[in-house]
Amino acid sequence: MPPPAGLLPWPSPTAPAPRLTTTTTTRPRPPPRVRPPPPPRRAPPSPPPPRLKPVVAPKLDTSLPPPPAIVSNYDPASTCLGCTHFGSCSGCTHEFDLDKPPVLEEVSDFFKGHGIEDFTFSRGRLSEWRCRAKLAVRGTSESPLIGLYQEGTHIVQDIPECRAHHPSINAAIKLLKRGMSELNVQPFDEDAGTGELRYVQMTVTTYNTSIPVAQRYDQARVQVSLVWNSRDERSKNSEKLSLLQEFLWTNGGPRSSLHVIHSIWANFQTSTSNIIFGHKWRHIGGEADLWERFGGVDISLDPYSFGQANTLSFNSLLHKLIKYVPRGSTVVDLYSGAGVIGLALAASRKCRSVKCVEINKMSKLSFEKSASRLPTNLGCTITWHNTDASVEPIHWLEGSSVAIVDPPRKGLHPSVINALQRVGLSERKAYKAKSSLTKIKDEKRPWILRAREPAVHVDSTIMEESSETWPETLIYISCGWESFKKDCKSLISHEAWYLENAHAFNFFPGTDSIEVLAIFRRESGTTEKKKKLKMKAKTKTKKKKSK
């Protein structure tokens, strides 16, 4: 069959098929890529400020002995000290009859002479009672000395087996010595002003709700406060401080075989004086808050706030004190510290209001933490004031039916004694008018008005204190017997107050110190006359017996 018109003839089956030719157009080659010139180099950035190298815990030296176990040798029947350091250590003055301090007979005779027939003395725990200790650190890193100064010197007596210390304190001291030797931490040299560790404060906490109450004292833990010889944590020797903290926490913390360390704090001190602590504190390990149970209340105690050394005896005193506060009282607590007494009184639900007055502003934080754990609906307003109780004490006494004073060892300030005498001697109306004049004068001084405002206010109850109310009860807690005798005579000699009751507590076994709880009352009219008649009858009876 011929192909259609206009087409090429059919190819023969044997002839090869013709190849189709295609016209290809050659594309021009793209121009070569030219790289843009590099940007100008920037100036190198300034180096960052130097930082401390990260702390790496040192490898433990297996050749060293393991940390000591906490061993208690307490014998409740023993009245002997039995301490190997007695005679060389200045802490204890006698080693026998610890249940009868030498001053006890004088104290008992003094109160009997003032008509107190039911005077009592609480002997307390006679060994392993100290739960707070401030100790000097001297010697060398190979053989550190941690203890007290020898009497009349600045020579440190090492006391690793102190019988007054809680066993956990002795265990923490031995661990600290081991860390100093291993890390080459230099003790303070007082003459040259060199070295790293100046002092250490050991504070015991028995607060542990996970174990029975009977076991808490024996299984107590220690808050360690290291007084470091530098201005702050950025100083050159701060790396050793971090290494020492890491060592203590690794070998004494909750994951160690001997859990004795509760927390670790650092205090920075470079002064050449005898003042132990500086103004800068840092929490560097463990729990931030140390809690203790006093008078049925959880109390937070920071390392820089005042704390009782004998916590067991203080608890006994506190329970006794609460019994002497009449129900419905308005209380002012002068020299209150962190407010332990005031908080315990508020929790007892016996008071309508409690005012705590304290000069140390650093106690405010402890008070706030403790107050946050108070039960709700106490029906009591409690305030904390940061001011000096010796400045205008009349203002703090006004509106209060009970005054509590817990002064330092030197006793009450003369202005406080004078104010208490005036309260007892003056008629209420005359005294009210005199106080009102003082109040008008004070209102012109803004710093006085600021001091009167509460720094901490707990409970929403609004209490209007009556200016006609003045203390009828005075509760005096004394740690200095000589100063108490002087203050007591000043109050009684003017017939402003009379002594109703007194108790003593063995806060410092092995020493000639004694803690006194004295109750004074101020009453008028028939009651005072009866009191005088009783006193005269007692003196006549004594004179007849002497004849």
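Here the Cβ of each residue, glycine as well, is placed from N, Cα and C on the backbone.
According to TrEMBL, the feature active site, nucleophile maps to CYS479. The S-adenosyl-L-methionine binding site annotation in TrEMBL covers GLN308, TYR335, GLU358, ASP406. Among the features that TrEMBL reports, compositional bias 'Basic residues' is placed at 529-547. The region 'Disordered' annotation in TrEMBL covers 1-64, 526-547.
Features recorded in TrEMBL, as mapped to the structure shown.
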residue	record	contacts (Cβ under 8 Å, 6+ apart)
GLN308	S-adenosyl-L-methionine binding site	CYS131, ARG132, PHE314, PHE507
TYR335	S-adenosyl-L-methionine binding site	VAL357, GLU358, ALA389, VAL405, ASP406, PRO407, PRO408
CYS479	active site, nucleophile	PRO408, ARG409, PHE507, SER513, GLU515
* Residue, out of the binding-site residues GLU358, ASP406, whose Cβ gathers the largest set of other Cβ atoms within 10 Å -> GLU358
* Near the S-adenosyl-L-methionine site, what residues other than GLN308, TYR335, GLU358, ASP406 in the same chain have a C-beta no further than 8 Å from the centroid of the listed C-beta atoms? -> PHE306, ASP333, SER336, GLY337, VAL340, ILE341, PRO407, ILE477
